[in-house]
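*Asks:* Just dropping this structure here.
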Amino acid sequence: ALLGTALPQRAWAKSAFSTDETPTDFADITTYNNFYEFGTGKDEPAIKAKTLITSPWSVTVDGACEKPGTYTLEDILKPHALEERIYRMRCVEGWSMVIPWQGFPLGQLLKRFQPTSKAKFVRFETLADPKQMPELKQNVLDWPYTEGLRMDEAMHPLTLLATGLYNKPLLNQNGAPLRLVVPWKYGFKSIKSIVRISFVEQQPVSSWEKANAREYGFYSNVNPTVDHPRWAQYNERRIGEFSKRKTLMFNGYEAQVASLYSGMDLRKNY
Amino acid sequence: MQLPEPLFSRCIKPLVFALALLPLVLMGFGVWQDRLGANPIEAVTRSSGDWALRFLLLTLALSSLRRLIGWTQGIRLRRMLGLFAFFYASIHLLLYLWLDQFFDWQGIWRDILKRPFITVGMLAFLMLLPLAITSPKAMLRRLGKRWKTLHTLIYPLSILAVLHFWWMKDAKSDTSEPLIYALILAALLGERLYQRFKA
């Protein structure tokens, strides 16, 4: 309910960053989820994530910045105007969706904490509370779920912190109350239910990298030319469609983000 | 323990046949009623694979049951259940070839070479194929002793089938389900080893 009031009741300005592709059905976006804290089946989070308590919520900010501290969700959201971003989402498992997010650019928030020159990367953590997330005892990953971005990736205008989708506050299974959306990277980079943001000097090790470094790299940019040993990455099944589509370089955001990686060998930095 | 005779061949056998078709009926119903969630193609592909594996293990269980509890009648269901394993494995393979790859043979070949879980899955199916072809009684008579040797392929192919499932799942660190199949298979194969060394 708290979040409901945080979402202004108005039509969203159409963002230049939005795709005009048809959004995936709300029912599909909210019942087909990878959120291992609530089970490894894609239908499980929608059923089991009801135990997640999203209010009150706070986010701890630490590391190389001038304004560390623990901030309430209200503190975090207050100064930011929410906007709609319709983004493609490509999962490393070979499926994709189009999701109308509401949120604000991550960079705007990070600036408020005044990162120092030592801040080269941003590290994120998902809540890991066994009382709210009974599946944590399964130890399929090393909790808490951890992700990271290079500072310039985090400050990129496409990088979003989302609080809602389809003009509704985020449902728990989609990473309520605050989640990252990095549309040119495989979906698992877009960490859910964030409780910690740390400015760090060294490249953080993400949960999937830790679990299987050969298959999941730090960058995990969508790249149809770099195959995954488990799934072909040159094409994808858009949820709701019968035929497969060709996967686009950087998930179709090449024009906006390719310069971030100029001079890098994307086969090595997968 | 045995069931009274006309009951077994007249009722139990057709009942098992009907039950074995039930997963297919449910899949068809699910597709028709759009009840398979956001990714129905993935759902039917996984379900057909699950059932192929389950029928494979059931087939293996029948001779263990004969040895352990003396239920000899069960052996008369073995051919049927084995053929159902082949039936669901064929559906599983066809769904992959058609709805995942759209019969792009180059892509399929690349997949077989590149992705170990596809490699072992394909190998398992190739080993299952001659068992299905030689399942009629006439083939058994024609092949004589060689039939029995040929049909020991079920052991390595079952291991490959479980491995296929395992490697598919462990990409996302999610091996709890394949572990159940692996344990059942280990028990069934272990029982055979035990019988061999006991003798």
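Heads up, the Cβ atoms here are built off N, Cα and C, so glycines get one too.
Please treat TrEMBL annotations as automatic predictions, because they have not gone through curation.
OK, TrEMBL features for this one:
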{"type": "TRANSMEM", "residues": "B:12-31", "note": "transmembrane segment"}
{"type": "DOMAIN", "residues": "B:49-162", "note": "domain 'Ferric oxidoreductase'"}
{"type": "TRANSMEM", "residues": "B:81-99", "note": "transmembrane segment"}
{"type": "TRANSMEM", "residues": "B:119-138", "note": "transmembrane segment"}
{"type": "TRANSMEM", "residues": "B:150-167", "note": "transmembrane segment"}
{"type": "TRANSMEM", "residues": "B:179-194", "note": "transmembrane segment"}
*Asks:* What else in the chain is close to the transmembrane segment (B:12-31), if you only count residues 6 or more beyond its ends and a Cβ gap under 8 Å?
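*Replies:* Same-chain contacts beyond the ends: 3, 40, 43-44, 47-48, 51, 55, 76-77, 80-81, 84, 88, 91.
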*Asks:* For the transmembrane segment (B:81-99), what are the same-chain contacts with Cβ under 8 Å, counting residues 6+ beyond its ends?
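*Replies:* Cβ under 8 Å, 6 or more out: 16, 20, 23-24, 41, 44-45, 48-49, 51-53, 55-56, 58-59, 62, 108, 124-125, 128-129, 131-132, 135, 154, 161.
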*Asks:* Go ahead and report the DSSP secondary structure tallies for the domain 'Ferric oxidoreductase' (B:49-162): helix first, then strand, then coil.
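*Replies:* Across the domain 'Ferric oxidoreductase' (B:49-162), the residues distribute as 100 helix, 0 strand, 14 coil.
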*Asks:* The domain 'Ferric oxidoreductase' (B:49-162): mean pLDDT?
*Replies:* 96
